[in-house]
């Protein structure tokens, strides 16, 4: 056993040919002894601990060493691979696996920086719930170039001591008018702030399907008119009359704790529960989603074309989809990320384990959350962000 | 070797500034080949002009800068004129070193915890006013930048006060006032008419430093400043952080515009000095003995005390939040204490502290060697520093950070130098050197040269005199210079952020990046650690000489 990494080092040709995921036995063989540099956002202690935990698992079971390269911005990894390609470094790239979605994925896929398609061939992919949010990423077809591992869905947090769940975006506007200064969202271009704008857009436009096309295919002013009408009415009733905004999602926790606001958006259904345990939110906070659903997005992992550890990276991607790992990630004390698996495809014991998981006091169950609506095409984000800044962000 | 040190020092100080300004000029004229832009073109300027917040952001830069400078200068003038020599003044003097070493970011956080609508002051008022909820008032981040200005004033008052105290003996403050008082002038009027003009002539450059700094500050503006839009310098940093490379051009054009704004304001301030001087001469010659002396004097002390207390009380709140369990509005204290925040962030804090001290230590060591080299070469070759040379010392502090650091980063990228600790050290040196030099210069020159003569008479070489006599005798001032150097380096935000390319994290960059998360516990822990890092060397600078020279009374202090 100990000799295998040594032998692999003697056979450099084995790492040069791209491994074929449909022949999983060979992939496992090749992966043993490889070191996978996973470039992933390192801003949260919980995520870092989870990756360390996963590293121990793949090292014990498959002999793959997982190194977490902590990023402050995923764009750094994209730039890195791009500059490697420009410099002609088509092998031995620094990035073996990258936590990615949305615009960064679109950039990498369009610039041919990704290895694949591989994701749909992974053994555990059979367990994945193939919803729209898994097969298209911000309007870009995934086509097996990235493998899903966690799901987030837009929700509203509310302090149940001061507010009630609301059933639509219009009801939110109504509530804000009756309770001026008690609702806010992070200032776009903050990711959550922009997602709030998209959420409003998706629920307000007549035909949300146009949002799956690039923005150039439609008349931007015409399509987004309902959003601006909505915001023109909402903004004066925001916290501080819309003259200031919290700078990020977590900054809203302090505002709720301080009784400054009662309702605020969140990107993760379990974020509020975790914040309650950390004393960052009062115990009375709960979450709700409007009746016609909220947009969701999925976190993926992708493998750059010039990685030398593609087999090891695929083993990690596959392991991320293992029911035990998904269960661990969904535990609110660990990460609280939604699973991408279809519970119906699991064994009864596994399904029971998911059912038994205590999601936390403020977290909605899968049935209450409903199906996630797909994110608009990435080009819409940029366009409404810019338009918002012009209208409300620089008065 | 020693002969070349002054030139080397100048290069270390001005080289990065010049490279940075040039590095901004090219992209500002649409030329950035690394990103595929070949100029010259008006692209960068057009993008800057297209930003809808430009007018407002430029106005903010000017008003907050001028208000902060005038405010801190005013408070310092009132307190020195009205209260020097009193017991209250002695208390303020004692608070000076710690106040000076509190990093800007930590002071700003403390102030935010204090004055926010849900802050501690409002909690005091809430039961009296009958508020069940914090008032929906825009205090932190107000559109006029007033809270941000207050934060700047609280930090600039100690700096200008220190400079004024250093200038007083040369301005012959005490004897002049004796004459003025005996001629019947009021305390305030007499000081303003006779002492202020010569004091101001000496603190003019520090005042300019405050103006340039306040107009372009980033960390304080991120914490206390407005966001719709943000100040010009904050926006420049945002553009630098945008993934699209074309935003680099906008940032470069913004950097040049910020430099122009600061330059114009410095010229206007200078012009204002002339006008005021002419009016002032007439006013002084008018001969009136009092002009509301009582009122002016009564204003001075509370203003200075409030500005000092806001920093100190802010630190207490930071400490309290860092150990708080649940702490809801409108409670004045947390419902329980826990070390959870500290243990959660222990590894993050110790990692950041490691980098902070590594960088501060190397930078201060380099600054000290260069400074001693320059001063010693001045001593041995008898070349006195001219007024123009003093201006050169201040130059890196007068060029706004946001004007040359973005260009320096782009310049480093285009020559393919990787970002990281080494360039960060070089960038820190630009700011640390002047302060170390200014702090060590006077005590060095004031050293009694006869000691050297005696030592030389006993057969000591010049090097031996330096190492065995001069440096040990100047241990106190040397340690103070080290403490100032470390405090400056610890507090630097923008040079670490931009030149480190996000890969070097110090306590300051970590604390400021936490500001967007609004987690008061984490902010409290990091800001406190940051303050401790800056304060520790000051404590050592005071304690060590007393310990080393416990049997040499004449050398203590």
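Glycine residues also receive a Cβ, built from the backbone N, Cα and C atoms like all the rest.
Of the given residue ranges B:31-53, B:146-168, B:169-191, TrEMBL assigns the label transmembrane segment to B:146-168. Looking at B:329-348, B:389-408, the stretch flagged in TrEMBL as transmembrane segment turns out to be B:389-408. Residues B:420-440 are the range that TrEMBL records as transmembrane segment, among B:420-440, B:441-461.
Sequence-distant contacts of the transmembrane segment (B:357-377), counting only residues of its own chain at least 6 positions beyond either end whose CB sits under 8 Å from a CB of the stretch, comprise 2-3, 5-6, 8-9, 12, 383, 421, 424-425, 428-429, 432-433, 436-437, 440-441, 444-445, 466, 471, 478, 481-482, 485-486, 489-490, 496, 504, 506, 533. Within its own chain, the transmembrane segment (B:523-549) has Cβ neighbours under 8 Å at 97-98, 101-103, 105-106, 109-110, 113, 315, 317-322, 324, 341-342, 345, 348-349, 352-353, 356-357, 360, 475-476, 479-480, 482-483, 486-487, 490-491, 507-508, 510-511, 514-515, 517, 555-557, counting only residues six or more beyond its boundaries.
Against the transmembrane segment (B:420-440), the recorded stretches B:60-84, B:389-408, B:474-494 differ in Cβ pairs under 8 Å, and the greatest number is found for B:474-494. Pairs of Cβ atoms less than 8 Å apart link the transmembrane segment (B:146-168) most often to B:298-324, out of B:245-269, B:298-324, B:389-408, B:474-494. Put simply, of B:60-84, B:105-126, B:205-225, B:474-494, the stretch with the most CB pairs closer than 8 A to the transmembrane segment (B:389-408) is B:205-225.
Taking every recorded stretch in B:60-84, B:105-126, B:298-324, B:474-494 and counting its Cβ pairs under 8 Å to the transmembrane segment (B:205-225), the highest total belongs to B:60-84. Counting residues 6+ beyond its ends, the transmembrane segment (B:60-84) has Cβ neighbours under 8 Å at 92, 144-146, 148-149, 152-153, 156-157, 159-161, 164-165, 168, 173, 187-188, 191-192, 195-196, 199, 207, 210-212, 214-216, 221, 225-226, 231-233, 258, 261-262, 265, 269, 296-297, 299-301, 303-304, 307 in the same chain.
Nonlocal intrachain contacts for the transmembrane segment (B:298-324), taken as residues 6+ away from its ends with a CB within less than 8 angstroms of a stretch CB, comprise 75-76, 78-79, 81-83, 88, 92, 95, 99, 102, 106-107, 109-111, 113-114, 120, 150, 153-155, 157-158, 333-334, 336-339, 341-342, 520-521, 523-525, 527-528, 531.
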